[in-house]
Amino acid sequence: MTETVTPMMAQFLEIKAGYPDALLFYRMGDFYEMFFDDAVAASAALDITLTKRGKHAGADIPMCGVPVHAAEGYFLTLIRKGFRVAVCEQMEDPSEAKKRGSKSVVRRDVVRLVTPGTLTEDTLLDARRHNYLAAYAEIRDEGALAWVDISTGAVSVMACSRMRLGPELARLTPREVLVSEALESELAEVVSDLGAAMTGLGRTAFDSTSGEKRLCSVYGVASLDAFGSFTRTEISALAGLVEYLDITQKGNMPLLRPPVQEGDSPVMQIDATTRRSLELTHAMGGGRQGSLLSVIDRTVTAAGARLLERRLASPACRADVIGERQASVQFMLEQGRFREDLREALRGAHDVDRALSRLALDRGGPRDMAAIRNTLEVADRVNAACQAHELPPVLTLAARHLTGHDDLRDLLGEALVAEPPVLSRDGGFIAPGYDADLDEARKLRDEGRSVIAGMQSDYAALAEVPSLKIKHNNVLGYFIETTATHAEKMMAAPLNETFIHRQTTANQVRFTTVDLNEIETRILNAGGHALDIEKRLYASLKESIVAAAGPLGALAAALAEFDLAAALADLAQRENWCRPVIDDSRAFEVTAGRHPVVEQAQARLGAPFVANYCALTEAPIWLLTGPNMAGKSTFLRQNALIAVLAQMGSYVPASEAHIGIVSQIFSRVGASDDLARGRSTFMVEMVETAAILNQADDRALVILDEIGRGTATYDGLSIAWATLEHLAEVNRCRAIFATHYHEMAALASRLDGVENATVTVKEWDGDVIFLHEVRKGTADRSYGVQVARLAGLPTQVVERAKVVLEALEKGEREGGGRKDALIDDLPLFSATPVQPAPPQKVSAVEDRLAGILPDELSPREALALVYELRTLMDEA
Ligand SMILES: Nc1ncnc2c1ncn2[C@@H]1O[C@H](COP(=O)(O)OP(=O)(O)OP(=O)(O)O)[C@@H](O)[C@H]1O
């Protein structure tokens, strides 16, 4: 059997061959259709119906489709599920194709590849987060990382060794990472660890020589030296980015800002594990909720929120930089009135960066222009308010970028209506009075409409049919409509000279007239003309906006800086935070420090948070012992968070703090299996501890929680012991080391610079009460059994554990030689069933309480009951 491939299927297959790794969304009228394996995969991923359309090679062709107007939502679902989408559009009107012959297929082509790192649509992006696309390149032993947020156009690049790649990617959390195909398998683990998609590109994409030329042409400069002196590897990484943007945007290059070289100003090094365990920008579950960022974010603009995220992800390491940022926050704190007015004004600002980028990519519309207009007005108000103040240096610099946009502001102010539509397609966004030709065309169009209203009454009178109506639809245009009963006389002489029959439907008959046709043409012409003028004006406004992209970007950055300073001041005031002293010493002293996230959780429960003192200045290492659940992990983390907050330029949750610059933070708190990589909990813990011991320098801050927990007691204790010695003698860093091995407390007396601290608890009537107070000294015991009881372990098990614990402790006191005998003594593995503990005697108070139905008590009876209970208790 010979199979004929339809011309349309032939076209589909040809286009699809160019995009084997993407789902091809093939435009057919109002739908995007998918065929073959794409249809099978997409229907499953999107939960839409899979159907068939024709046959190919003897088999049915699977097909599914989504409506064009709803496509954005489907893109997002597919991207989240790891697909990429090639969007194939109709490149001509179907009528054009028909002219070439009835069998001709409409020309189609892929106009865009939708991938995780190249999204620009507002609906697909989180306004308060960056969406980075990164590229990593290597030339010989040198590596470089470049990254871009195409929704804002910000481009950065830095030298980055293979070793630093993981931590840097953890800092940026890009959605997609580009690497040369040759590196794909070696880097797969690092990239997938972060949950980013990896895309391999051919080696030529990273060629630094052709890349440099390409970059020069994108930026319209003769040499990249204008932006800094880039190494060949940095150019190679940037070239990879630009090449990929070319492929995915099909030559429609997004607006790119000049590349900024990072790395000049050192930032605090925080590796991926530490970021995860401190939950800086993402909570353990992966979302923003519950992270430090979610608790401290008081910004009122999306750009301010993104700046906060950047700062929090990269705390500074220079006391002067930090001091300048703190000065901005302090200014905002002192000028409460100014701050409130500023925040109120900023609430009216829009996301200029993203609006600009959409306009430049031709995915924007009049509403994006209005966003820019409104923000320019906000900038004017902010600038005016600044005049009455002496601003600190960072804000003075920012304020300079708020002015100089009068022409654009006036242009947009005059040209646009107050609330323009999202799309330019249907017009209606240019304000009346801005363009005389447009006003004229609109007048004609509108007059035509009122003439039609007049014609309806004339025709009704002529035909003596008062119910006659003039209507409009897309097929017939304007027409006269009446019921079949009235229509008869209109089709007969003499009325049929005026009314020309067009169509008869079930209940209605439709007519036209020569005059109606004429007026319709006039309306259409005027309407079409008006739309043409609006489109032309749109293009020219867009050109003016894009030409001002540089200063507009600086303005957006300036507003973000104001927003962030005000937001941090708001936070400091509401939460009662203090300005930390930052210098180049090795001090670390925090008075009444708190954990902002736990504190907030406690507040929701109506429970207080106990503030604690920590000083790693004289004794740079604290060895923290204390029962389970006492608050050790909280204390460890809160001090690391305070260092991060302090160095990002924020105030900190404490009454006083003095921090000598911390260059690296390492945190190993809690462990989990990494089954995907075949590592047990203990293995993960050891790999991470090794990384700390190998990398921490004398400016590092290390927090280690319960090292060695995952193995046999003596192995664990020995590892913890040796680790602490190494930190104190080799790394010589500041550290807090929490352990449940109380034996380690003895080390503190032997090692210089190690001090014992403990989280206090009180024992009361066999129960533990957590005081959450950290003080110098050691814990006497771990209270594990009591905590287990609190957790609801069956009484039987708890009682049994107490017996075993007592016996073990006794054995310990009497020397190791007794161990075997001890095990024999204990009916550990004996078959004797353990008797449940005898029920405790019920007190008179409990007895009385058991008979009470609280809902039935009046307030007076309740009070009387309290007195009664009190007496019962005193009698007992
Ligand atoms: N300073 C504090 N003030 C008030 N409540 C606190 C404080 N620190 C901790 N908590 C409360 O105690 C709980 C347990 O704290 P955390 O996890 O830090 O204990 P831990 O000693 O590390 O326990 P484990 O050894 O079992 O891991 C917290 O979830 C919080 O509710």
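Every residue gets a Cβ built from N, Cα and C, even glycine.
Annotated ATP binding site per TrEMBL: GLY626, PRO627, ASN628, MET629, ALA630, GLY631, LYS632, SER633, in sequence order. The feature domain 'DNA mismatch repair proteins mutS family' is assigned by TrEMBL to 700-716.
Mapped onto this structure are the features recorded in TrEMBL.
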{"residue": "GLY626", "record": "ATP binding site", "Cβ within 10 Å": "26"}
{"residue": "PRO627", "record": "ATP binding site", "Cβ within 10 Å": "23"}
{"residue": "ASN628", "record": "ATP binding site", "Cβ within 10 Å": "18"}
{"residue": "MET629", "record": "ATP binding site", "Cβ within 10 Å": "18"}
{"residue": "ALA630", "record": "ATP binding site", "Cβ within 10 Å": "26"}
{"residue": "GLY631", "record": "ATP binding site", "Cβ within 10 Å": "24"}
{"residue": "LYS632", "record": "ATP binding site", "Cβ within 10 Å": "26"}
{"residue": "SER633", "record": "ATP binding site", "Cβ within 10 Å": "19"}
>> On the 0 to 100 pLDDT scale, where does the domain 'DNA mismatch repair proteins mutS family' (700-716) sit on average?
In response: 79
>> What is the set of residues, excluding GLY626, PRO627, ASN628, MET629, ALA630, GLY631, LYS632, SER633, whose C-beta falls within 8 angstroms of the centroid of the C-beta atoms at the ATP site?
In response: VAL759, PHE770
>> Under a three-state reading of DSSP, tell me whether LYS632 (ATP binding site) is helix, strand or coil.
In response: helix
> Should PRO627 (ATP binding site) be counted as helix, strand, or coil on the basis of DSSP?
Replying inline: coil
